[in-house]
Ligand SMILES: NC(=O)c1ccc[n+]([C@@H]2O[C@H](COP(=O)([O-])OP(=O)(O)OC[C@H]3O[C@@H](n4cnc5c(N)ncnc54)[C@H](OP(=O)(O)O)[C@@H]3O)[C@@H](O)[C@H]2O)c1
């Protein structure tokens, strides 16, 4: 397939403007969106993550009171880079930031608001010296090291972004706006799958109102869900096609070429025909929301050639009759949610508007016409933020608040 020069130029322009965000060389315009009123609203509202109807002050963290030694493993990757940024923007009380990596990045310098940090070669002993360690590495790494890092009274609190511990009994799986209290007295916390965390931000306030009965989700997931290498493959593959170098892009990370394609396959296929990514939504929704082990949740997860922010179409069936005005009000008041639902002015959630935002966008809210007591809506969230880094840092904030995370030594 060939593009006209004008069409190709337009696509390249869009791709490069997105990549400037995804390459984490965040421009001043996208930075200003972080400090926009919506982000500030979130900061204020999330100070008490359980307070759904609270829109101001409430119990904010006294961040200056408890400076902590913070470690990040994997800060050169897609999620780890964002954790550094969220710690900076939320003024997390960092006494000392330590960044751990593999031989690939050990010795490199990372410039942060907390100073220039030299990446240390990871070791369990060094990580244990921290008060809190964010793991942004793969599941095998977490399985091998997370429990050793937090073992004993002198170990660190560990917040793990992988799926290694999400389904293990006794280890809380937390979206702080839903179940922050589960972190109390715990030292190892699992951060949820990004798709689940984003969707539940919208579903939870509606569940509180009408009582969730069943849920069907279809996703449109960005390349960066596969980490920095996924993002790089999309950008390079798109470039190779637009330049005329290749008719179809090469693929190593994804099962098929992603540019100009849609792939209904994320993670491994399971015996029941679902993929693991799809089953994560089912398993994690049940655990986070405290629903029964057989609670009906079905998902189809699809990779699309956007670079960042996952989109989800959700059909939610409820026990009680639904009311659109009440649903809108609940979403407007929910912490971490931004209702973007003004069809007359063509305003609805999109990856381009949700990228870099702390709030999850929810819109296209309507009564579903195929089922009784059902709502249908579209959710878009930055999966590297709400689906990973932001969620992890807000978990840490909740743990500071409830005493589960404290400085081990006076600093
Ligand atoms: N991408 C997403 O949207 C997303 C969302 C939610 C959760 N997650 C989860 O978050 C985790 C990180 O994902 P990612 O997308 O950020 O991956 P990524 O971009 O591939 O980054 C992986 C990071 O792991 C580090 N690493 C690898 N082996 C290491 C070792 N032996 N010792 C120390 N560091 C090591 C790498 O550092 P070096 O460069 O030093 O090797 C790199 O910084 C995964 O478990 C993923 O499933 C990802």
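Every residue, even glycine, has its Cβ placed from backbone N, Cα and C.
Features of the protein shown, as given by TrEMBL:
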ACT_SITE  194  active site, acyl-thioester intermediate
ACT_SITE  310  active site, proton acceptor
DOMAIN    69-186  domain 'Semialdehyde dehydrogenase NAD-binding'
SIGNAL    1-23  signal peptide
Cα-Cα distance linking residue 194 (active site, acyl-thioester intermediate) and the residue listed as 'active site, proton acceptor', given in Å to the nearest integer: 8
For residue 194 (active site, acyl-thioester intermediate): intrachain residues, at least 6 apart, with Cβ closer than 8 Å: 225, 310, 381, 383, 384, 386, 387, 388
For the domain 'Semialdehyde dehydrogenase NAD-binding' (69-186), the number of residues DSSP places in helix, strand and coil: 37 helix, 32 strand, 49 coil
Neighbour tally for the residue listed as 'active site, proton acceptor', based on other Cβ positions within 10 Å of its Cβ: 30
Confidence summary for the domain 'Semialdehyde dehydrogenase NAD-binding' (69-186), mean pLDDT rounded: 97
